[in-house]
Structures are given as C-alpha cells and as structure tokens.
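Lifted from Swiss-Prot, the feature list:
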MOD_RES   Ser2  N-acetylserine
MOD_RES   Ser4  phosphoserine
DOMAIN    63-234  domain 'Helicase ATP-binding'
BINDING   Ala76, Gln77, Ser78, Gly79, Thr80, Gly81, Lys82, Thr83  ATP binding site
CROSSLNK  Lys146  SUMO2 cross-link
MOTIF     182-185  motif 'DEAD box'
CROSSLNK  Lys225  SUMO2 cross-link
CROSSLNK  Lys238  SUMO2 cross-link
DOMAIN    245-406  domain 'Helicase C-terminal'
CROSSLNK  Lys309  SUMO2 cross-link
CROSSLNK  Lys369  SUMO2 cross-link
CROSSLNK  Lys381  SUMO2 cross-link
Amino acid sequence: MSASQDSRSRDNGPDGMEPEGVIESNWNEIVDSLDDMNLSESLLRGIYAYGFEKPSAIQQRAILSCIKGYDVIAQAQSGTGKTATFAISILQQIELDLKATQALVLAPTRELAQQIQKVVMALGDYMGASCHACIGGTNVRAEVQKLQMEAPHIIVGTPGRVFDMLNRRYLSPKYIKMFVLDEADEMLSRGFKDQIYDIFQKLNSNTQVVLLSATMPSDVLEVTKKFMRDPIRILVKKEELTLEGIRQFYINVEREEWKLDTLCDLYETLTITQAVIFINTRRKVDWLTEKMHARDFTVSAMHGDMDQKERDVIMREFRSGSSRVLITTDLLARGIDVQQVSLVINYDLPTNRENYIHRIGRGGRFGRKGVAINMVTEEDKRTLRDIETFYNTSIEEMPLNVADLI
C-alpha cells in the first residue's frame, strides 16, 4: 500500500514480471489436501458438500497464503477455482460473532458478483456467515435498509454501487480486513481504475489485498504497486490450464453473411445440452436472436442494455436448463458458471484475445470436457492464428463427426 517501490528500474517492465504479461511466482508452498489447510470444521463440511474433493492448482497454492494474511496476486485462467480460493480464505478468517462487514469483494459485472455470492453462501452454508451482493441495477432504498438492519459479514459487489454505499456511510469500512479484486485485469482497465482507487482510500491502511486475474497486462501490475505490500505472486501457467479438456475447432465461412446459415446447420446437427453463443455487439445479439426465432430455433439473449431484472430471469432460466442456448456479448464471458455448458460458439472472434479464454473457459470447467467452435471469415484468419500463438494451442478445422464430441 506504500508507493515507495516506484523508483525501481523499468528496463524489464514492472518488477515481478516476465515478458508477455505473465507474473513470476515467488511462492512455492503447495498444500494438496483440504484436510491439511487447518480449516474450521463447519467450513470443511460446506466445501465437501459443494462437491470439492481435491484443491485445484490455484487453491493448493493460494488459500494458505491468503489465510496467513499476505497480500496476494494470483494469476490463473477461468474455470480453475479462483472464486473458491478467495471464498474459502475469507470464510476461514471471518469472526462470526462480530456483526460487521469484514471482507469486501469487487467484481467487474453484476452477474459475476452474484455468482461469487452464491459460491460464498454455499461454501459457508454450515457456518452461518452472511454475504450480500451490492450491485447496480437494483433498488437503492431496499439495499440501504438491508445494510442498516444488520451489516453482512461479507459484501460482494460492483465498484459503482459499493463506492456509493461507502460514500454515504451505509457500508462501514471499520472492520474490513480483506479486500479482494476478482478479474482484476477487467476491473483495472480504464473503466474501474478510478472507482477502485476511491474505494481503496476509504479502507484501513492495514487491509489485506488479494488480486486475482487470468491475464496480467503490465498496467495491472503497475497499479498493484500502489496498494499492495510485498505481495506473494502465484502463477498457474497457461499451459497447465483450462484449454486442456476443451476441444477447439474453427469453421471456414468465407463471408460474414454466411454465418447465420452455418449456425442453423450446426444447430440441426448437434444435440446440445447447453450452449453459449458469443457475439461482439449488443445490436448484433438482438439481430441474431430475431433471425433464429424467425427460423423457429429456441434461443435466449442477454446483454448490457437489458435491465437487471430481465437479465436475472434469463440467467435463472439458463442455469435451470429451461433455456438451452444463450446468445450474449463479452459482458457474460466473465462470470457465467453454468455446469452443463458443453459447447461455446464464437459467432464472432473476440476483438480482444484475452477474452478468448474467458469465453471458452465456460465449457469443460473443473475438468469437464467441452467443445469450442469458432466461425472464421477470411478477415478473421489472422486473429485466429494470433489466438493460437498467444495461448500456445492449436485450433483445428471442425471434423464432420463433431456431434460425437459433444
């Protein structure tokens, strides 16, 4: 939290960085069994009830360092158990008898904040810990009443609403001892940097800071220097991660206007449990949804122009399985944790290659198998090669028997 390290040489990029925006680990302690983490019995019960048996790579490295109170920067891709890593660390450190907010988690989207809240509540099921989602798009008055009635032990929220509640003193920073930034690359990108900084100014100077992210652009690390003290750096390497178990293919569609027919053909060929189709713009989401409906295909759509209630209903239907295909933008690429998603279709390749992992990391989470299909026009070929190089992966042309793989 001191900025005294700014005098370091910048020749090799930020301190603690390897080239290519990857952090260099400085922590090698691994605990590969949940029983050896000295967790409370009621928390362990919740963890096992949630279905965890063995900690993932990031959990083996990061849970203990978080519980010990260190500032931690952890880099690992989607689907590797980052959420449970900090949820377990928070729940272990909460004093249940103290009816005050003791941990604050920030996430870039409302959906991700709600997803984190669900995980915290499930893992803390036998403890009686309270967790509240403090997000935009919901009724402010109702939120104020809730916070005034009894402060929740844990708050998970989006930066705008959290800052508003802190600023108006409905949320007290007095007992907050742990501050978590999830998907920090997204949060610290232009949109939220100032808000996070404002929130940080309101916290105690000895608050523990934990930052989790799939990608680590150098500007994120520069920002971490401003408010983290000698952080533990934990890297779970790209090649150890979630692209494993996900078969990736591309379909050549020479021209943009042929994508719709190709998608409809695919739809008829495959038996889809659940699929997500990613598109780059909100307007195009509406356009494709309309076209699919006109051809009698059942799909639902979601993007940032919709109000929160509508988005909640659509997510609920998709999670419960009553809606099977969801068309969406990158808004959802971070934070949709639907266990049954077996297929991701990139109708448009992401404009930002970092988002590729967030999109296809939806299928095959925690070792489940998944398939990702990329629709590629002539203009997209260079982007596809760029993605292959960046992730050190190979994306093959889609085979005719693709139905057998899903």
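Yeah, the Cβs are placed from backbone N, Cα and C, and that goes for glycine too.
A straight line from the CA of Lys146 (SUMO2 cross-link) to the CA of Lys309 (SUMO2 cross-link) spans 19 Å. Ranked by how many other Cβ atoms sit within 10 Å of their Cβ, the recorded positions Lys82, Lys146, Lys225, Lys309, Lys381 place Lys309 at the bottom.
Note: the CA-CA distance between Thr80 (ATP binding site) and Lys309 (SUMO2 cross-link) rounds to 29 Å. Mean model confidence of the motif 'DEAD box' (182-185) amounts to 88 (pLDDT, 0 to 100 scale).
Here the C-alpha separation of Ala76 (ATP binding site) and Lys309 (SUMO2 cross-link) works out to 31 Å. Rounded to a whole number, the C-alpha distance linking Lys225 (SUMO2 cross-link) with Lys82 (ATP binding site) is 22 angstrom. According to DSSP, Lys225 (SUMO2 cross-link) is assigned to a helical segment. Comparing the Cα of Lys309 (SUMO2 cross-link) with the Cα of every entry in Gly81, Lys82, Thr83, these being the binding-site residues, the smallest distance points to Thr83.
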